[in-house]
Amino acid sequence: MAKLTIRAETTSFSHFLHYKNHKVSIFNTFSRPQRFNILPQNHILKLRVSCSITERQKEEAAEKEKIVNGLKVNGELAKNGRLISTSSYDANGDKEVGFEWSWPPWKNLPQRYKLIGTTSLAFVICNMDKVNLSVAIIPMSHQFGWNSSVAGLVQSSFFWGYALSQLPGGWLSKIFGGSRVLEVGVLVWSLATMLVPFLAGFMPALIFSRILVGIGEGVSPSAATDLIARTIPLEERSRAVSFVFGGLSFGSVTGLLLAPPLIQNYGWESVFYLFGFLGVAWFSGFQLVKEDRPWSFTEPMSWPPSFSRNKSLRSSLGELGTSIKDVPWKAFFRSTAVWAMIYTHFCGSWGHYTCLSWLPTYFSEELNLNLTEAAWVSVGPPLASILVTSIASQFADSLISKGVDTSLVRKICQSIAFLSPATCMILSSLDFGLPPWEVVTILTGGLALSSFALSGLYCTHQDISPEYASILLGITNTVGAIPGIVGVALTGYLLDTTHSWSISLFAPSIFFYLTGTIVWIAFASSKPQSFSEED
């Protein structure tokens, strides 16, 4: 009599198999109940088949073994690294044939690549939730009777929360780790986004929901900077920063492409429901990736090295308070390089945020494009930015790897990022009688080249101090959020009073781009600084 045993190793479920007249026995002994897991905790699904063969059945068993061995497919599955065939004999002489299935497919990727990839995806969703209002504001204004000043107030309210959360985001990232701060931020802004349709008719509640979106998104840059500073070496840093923050451009493209058809077919409310849901889904998926945890949820959760899960809330808050006191604030503000970063960030944000919020309206009202056309041409700058970002990062890392001074590389990239859009805005604002599509092309090229800043300003925080990179970005991003509050609202006010897009949208941006270039070239530096020693 043959005894066929099937064991699913590292799992706690049994399966009974009946095969003709053969007796099948299942051995599944456990000392205590086990939690059922879809996939095993070590990411390897093992299926072992054991055959005890009597002398009278050797011939029949040999034929069956040929069938089982045929599953090897000449070793091809093993080469692919997904299904691995193994065989061995136990103490009783029974032969075991096993298969190991590696899952998920990205399991063998280095942890830093997985974190960078998921962080970039979070930034995609981040800008989807940021640009959805810039498109939805047009039908919302018609429905609720808002003028340009009110529409500017609604859009600028996002940046109130964005500015408030910059420094706290840097502190929390330094203590708890960037991944944990990022996931909480994504959940907060996603839930707040889904609340917008319910609160749109009541202005204070609507503004508060957008402030919450700003708070959630405001901690993300510092969290990402902390991740990059801790895990990415200098020679890969430009590409890592460009890949992560490049997700913002891809998010803008995706949001501007999806929003118009969603609004036209399902109403403006649909963009907030769908985009908010994507953030919640990301939060759930990130739990499986962030610390390379098993797919089952029975093992303890991993925490950043600076935080133990056994600490009490009081000790955690005490450590946070101590860390805030230990930050060398005076040394930061004595550094001319830090001041150059602060002002440059302010200048870049003015042009970026005002164009991000008002370009769809500009294309619709000034160039007489409908909602779909305005959204489609608004896709141009962020779409072109994706290409420019990849070129700029390779360019910067290549120069650094060849021995070019890092400060010089950052100055070159940032100068391109500012002078290009300034020149294109000057051409667009002057009355040359250009047709609408030529104006669109000029603006698209200039704003796309501003992505060189990802290999300029946005790498400098990590260059001068990896230890305090998240806090430094929190400082500069706090000041950089002011244009979102003042600039976006001021653009709407100037538009109501002057009825001129050149004065309200382009002239202030041109001024800040040019002065920012001068300050950056004169005072910026990527030389590492030991702020703790200076304080």
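Quick reminder: no glycine exception, Cβ is built from N, Cα and C everywhere.
Remember, TrEMBL labels are computer predictions, not curated facts.
For reference, TrEMBL has these:
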- 115-527: domain 'Major facilitator superfamily (MFS) profile' (DOMAIN)
- 184-208: transmembrane segment (TRANSMEM)
- 240-259: transmembrane segment (TRANSMEM)
- 271-289: transmembrane segment (TRANSMEM)
- 338-359: transmembrane segment (TRANSMEM)
- 379-400: transmembrane segment (TRANSMEM)
- 439-459: transmembrane segment (TRANSMEM)
- 471-495: transmembrane segment (TRANSMEM)
- 501-523: transmembrane segment (TRANSMEM)
**Other parts of the chain folded back onto the transmembrane segment (271-289), taken as Cβ under 8 Å at six or more residues beyond its ends** = 104, 106, 114-115, 118, 121-122, 125, 128-129, 132, 135-136, 179, 182-183, 186-187, 189-194, 196-197, 255, 258-259, 262-263, 295
**Prompt:** Which sequence positions outside the transmembrane segment (501-523), separated from its termini by at least 6 residues, show Cβ-Cβ distances below 8 Å to it?
**Reply:** 336-337, 339-340, 343-344, 346-348, 350-351, 354-355, 358, 362, 366, 411, 414-415, 418-419, 421-422, 425-426, 428-430, 456-457, 483, 487, 490-492, 494-495
**Item:** Mean of pLDDT values spanning the domain 'Major facilitator superfamily (MFS) profile' (115-527)
**Value:** 84
